[in-house]
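**Q** What Swiss-Prot records for this protein is below:
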type	residues	note
SIGNAL	1-25	signal peptide
CARBOHYD	103	N-linked glycosylation site
CARBOHYD	135	N-linked glycosylation site
DISULFID	177-218	disulfide bond
ACT_SITE	180	active site
DISULFID	211-251	disulfide bond
DISULFID	306-354	disulfide bond
ACT_SITE	313	active site
ACT_SITE	333	active site
């Protein structure tokens, strides 16, 4: 019996050791590659030695060209940074254990690490870099309501990504402005234009910040209301004609420069992920809402563990796939190419990851 217990303990210790064998402290440099490693290759898990926090912090300040004039602010940001290192370690450990419990390959596990948000508290990031404002959901909308549920009516492929047919515009960065609602609305329109006209076009988010009379600019909004407002404005200008400023300005809409006009829009009550696949496949990328709490530190891989209770961020669902038998969604974010998988995120499918079934989706119909 003693030998049996000894073997069990040996197996437990071996497994725990395996989890922390993937120690890559020198990857604090981050983003040194213009693209993530092959998604099918084993992904090392970062573990930050908290005793080295000050070294990591100085490296972080240098890499992201940050400084603080006030010594108290420096100390505060350093303490926040240390808290985030601890959070990152926990996220890496929890996702590995979740993969183990699901009998999933360790290579698919999400990897978290230091990024440009690492000197900010989660609340600061959610306040300044998201912008899905659910309180506006009771506002009247011109968009048609549709329920997304039931079995798909067509056979769907195991993998589909609108990027493969050049129907998704490059990643953008909303900056320190709660304008995700504008970016996802414009991203949807850009993809709809590419699907209809086989051409990518860069459209203006700033027009929505300045001229939308229902949404709240950098204080948040909703994507279907953005579609409605663009319908009433007569369309949207290009980014070149109405460039992004990252803050609300006076409306300077010029109807002579309208580049894309909308015919209508839809607000979707999403209740089934398989039916959602069909919607993305037949309609194009769909704007959805998620809880961004657990994606702040995301670097790559398929996210298993994800907070689902407070929808606060709008993103664009552009496809799906399966890696090592793990089904996932592909999401386009608006936090720049230096976040995540070159600006994109993958989350596990069929588990309501990040609360993507908790509210609604939206899409536009263009001329």
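For all residues, glycine too, the Cβ spot is worked out from N, Cα and C.
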**Q** Between the Cα atoms of residue 354 (disulfide bond) and residue 251 (disulfide bond), what distance do you get, rounded to the nearest Å?
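**A** Answer for this pair: 34 Å between alpha carbons.
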**Q** Rounded to a whole angstrom, what is the C-alpha distance between residue 135 (N-linked glycosylation site) and residue 211 (disulfide bond)?
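**A** Cα to Cα, residue 135 (N-linked glycosylation site) and residue 211 (disulfide bond) are separated by 20 Å.
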**Q** Restricting to the same chain and to sequence separations of six or more, state which residues have a Cβ under 8 Å from that of residue 218 (disulfide bond).
**A** 131, 177, 178, 179, 209, 246, 247, 248
**Q** Run through the Cβ atoms and count how many others sit within 10 Å of the one on residue 103 (N-linked glycosylation site).
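**A** Looking across every protein chain shown, the total is 7.
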**Q** Taking Cα atoms as reference points, which of the recorded positions 180, 211, 251 is nearest to residue 333 (active site)?
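**A** Of all the candidates listed, 180 is nearest in space.
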**Q** Can you name the recorded positions among 103, 211, 251, 306 whose CA is within 10 A of the CA of residue 313 (active site)?
**A** none
**Q** Taking Cα atoms as reference points, which of the recorded positions 180, 211, 251, 306 is nearest to residue 103 (N-linked glycosylation site)?
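**A** With Cα distances computed to residue 103 (N-linked glycosylation site), the winner among 180, 211, 251, 306 is 306.
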**Q** Would you mind ranking the disulfide-bonded residues 211, 306, 354 by how many other Cβ atoms sit within 10 Å of each Cβ and giving me the lowest?
**A** 211
**Q** Distance check, please: Cα of residue 211 (disulfide bond) against Cα of residue 306 (disulfide bond), rounded to an integer number of angstrom.
**A** 34
**Q** If you count other C-beta atoms within 10 angstroms, which of the disulfide-bonded residues 177, 251 is the most crowded?
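**A** Result for the most crowded candidate: 177.
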**Q** How many whole Å apart are the CA atoms of residue 306 (disulfide bond) and residue 180 (active site)?
**A** 19
**Q** Around the Cβ of residue 333 (active site), how many other Cβ atoms lie within 10 Å? Please give the count over every shown protein chain.
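**A** Residue 333 (active site): 28 neighbouring Cβ atoms within 10 Å.
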